[in-house]
Every structure is written in C-alpha cells, then in structure tokens.
Amino acid sequence: AAGELTLTQLESLREVCEANLACEDMMDAQGIIAAYTAYYGPIPY
C-alpha cells in the first residue's frame, strides 16, 4: 500500500512531518515514508 500513494496523500504526510523538526530532518535524509512511519507509525492510507 505504501508504494501507491498519490501526490495529495504524500503532501498531507509531509505537512504532518514538517511540524516535527526531528521528523523533518529524517524526511530530508531518508524520505517521507521512512520518516513518517518512524515517528507516527503506519501510513493510514
């Protein structure tokens, strides 16, 4: 499921992640999927 996200879904994940500085840093290094799941658990889509 995680491989088939739409751009809209990815953008909403980024907005959540960017509110958390540590998540944002991880997103820059490892990508939004890895960062979101590390901080917030499974992606809800």
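Counting begins at 1 with the first residue displayed.
Any Cβ shown, glycine's included, is placed from N, Cα and C.
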Residue carrying 4-carboxyglutamate as stated in Swiss-Prot, selected out of Glu15, Glu24: Glu15
Sequence-distant neighbours of Cys23 (disulfide bond) in its chain (C-beta under 8 A, six or more apart): Val16, Cys17, Ala35, Tyr36, Ala38, Tyr39, Tyr40
Glu11 (Ca(2+) 1 binding site) and Glu18 (Ca(2+) 2 binding site), distance between Cα atoms, whole Å: 10
Candidates Glu11, Glu15, Glu18, Glu24: member of the binding-site residues with the richest Cβ shell (10 Å): Glu24
Protein Cβ atoms within 10 Å of Cys17 (disulfide bond), excluding its own: 21
